[in-house]
Amino acid sequence: MQKRLTLLGSTGSIGDSTLDVVARHPERFSVYALTAHRNGDKLVEQCLRFAPEVAVVGDAATAAHVEARLRAAGSRTTVLYGPQALVDVSKSDGCDTVVAAIVGAAGLAPSLAAARAGKRILLANKESLVMSGAIFMDAVRDHGAILLPVDSEHNAIFQCMPRDAAEHGGIAKIILTASGGPFRTREPATLVDVTPDEACKHPNWVMGRKISVDSATMMNKGLEVIEAHWIFGLPGDRIDVLIHPQSVIHSLVSYRDGSVLAQLGNPDMRTPIAHALAFPERVDAGVEQLDLAQIAQLSFEKPDYARFPCLALALKALAEGGIASAALNAANEVAVEAFLERRIGFMAIAATVEAVLDALPNRAPDGLDDVLAADAEARRLAAEIIAKAPARRVERTV
């Protein structure tokens, strides 16, 4: 039976890759809803190609622009806007599958709505679990939702895990691989001069600017450790991080009998997306087959926590529990935005996050509202810290 998709964040890199796979298999997948924030022109192009019933944008002005262009082209797609519209298309009876690809905390509410509606959720929005892991996973279990990870590392682990949950006791640990980003071998003393464009030049993956910066700081890998903790139910001390510059082995599962299972493939997000879309079947993703003879060599190294303090901060937040992970994520989003706008330097990202975690008392969250309150407080503190640190501002341009 054809799957009906709501694609949250259709104009981003995950959205592009998802629609590429969808277009290859029109007999398997159709689109119920596409959503974007303010990239209205790209959303219009997608709507004209995939003919969703609904399109959602962030504000009224963008909605008016999108609707005018769609009507002029003869499209009947309904255009909505605002956070509630995102929630509505995520829980609508018009879809059975929700691809959660909105970057950042903005993706939490619609992803949670999809879980509470019992949808099949392809999760690329790691912040949903970083901010409110217990709440989100409880919703998945309580409402019979199906959670399929789309992040390449978590999808790799999922593929290497036994299908029977009763066999999970045989797992010793899981190992998330990381490329090390663009600054893996750069002298740490020179990182203070890094520009946004340099930080966004990932050596292997094509990604959006925010996640590219997170990869450069390795905050992304720290968030993925937290995400893996919630998805796979393992404590932090059984989740390792391993630098693997070639990005061919996407993650590994180590078993108690000494076996290690790994998932390999070219670094292309269409592979995990196609796996999750068609699961438990396999379909063509348009990805070139891996040629190990051409690659010839795979290398590995332990992460340097002095070079990547954001990774250490994320692991600390996971160990502390409570609202620490939500605060970590919120402070990082504010700091990365400031860096991309050249208001702070690269190394100030970690410094800002650490200062917020030190200033905000940790506590056990009392429901989703408490998590959102912690998120708001961490954002306020991060903004204050950035505003009071003019010496860190970056004047250099590319």
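Cβ from N, Cα, C; glycine included.
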According to Swiss-Prot, which candidate in K119, K126 joins S152, E153, S179, H202, S215, N220, K221, E224 at the 1-deoxy-D-xylulose 5-phosphate site: K126
Swiss-Prot NADPH site partner of T11, G12, S13, I14, R38, N39, N125, E127, selected from G180, G181, G208: G208
K126 (1-deoxy-D-xylulose 5-phosphate binding site) CB neighbourhood, other CB atoms within 10 A: 27
Where E153 (1-deoxy-D-xylulose 5-phosphate binding site) sits in the secondary structure, as DSSP reduces it to three classes: helix
Span of the NADPH site, taken as the largest CA to CA distance across T11, G12, S13, I14, R38, N39, N125, E127, G208 (Å, rounded to a whole number): 21
Cα-to-Cα gap, T11 (NADPH binding site) vs H202 (1-deoxy-D-xylulose 5-phosphate binding site), nearest whole Å: 20
Spatially closest candidate among S13, R38, D151, G208, the listed binding-site residues, to K126 (1-deoxy-D-xylulose 5-phosphate binding site) (Cα to Cα): D151
Most crowded position, judged by CB atoms within 10 A, among R38, H202 as binding-site residues: H202
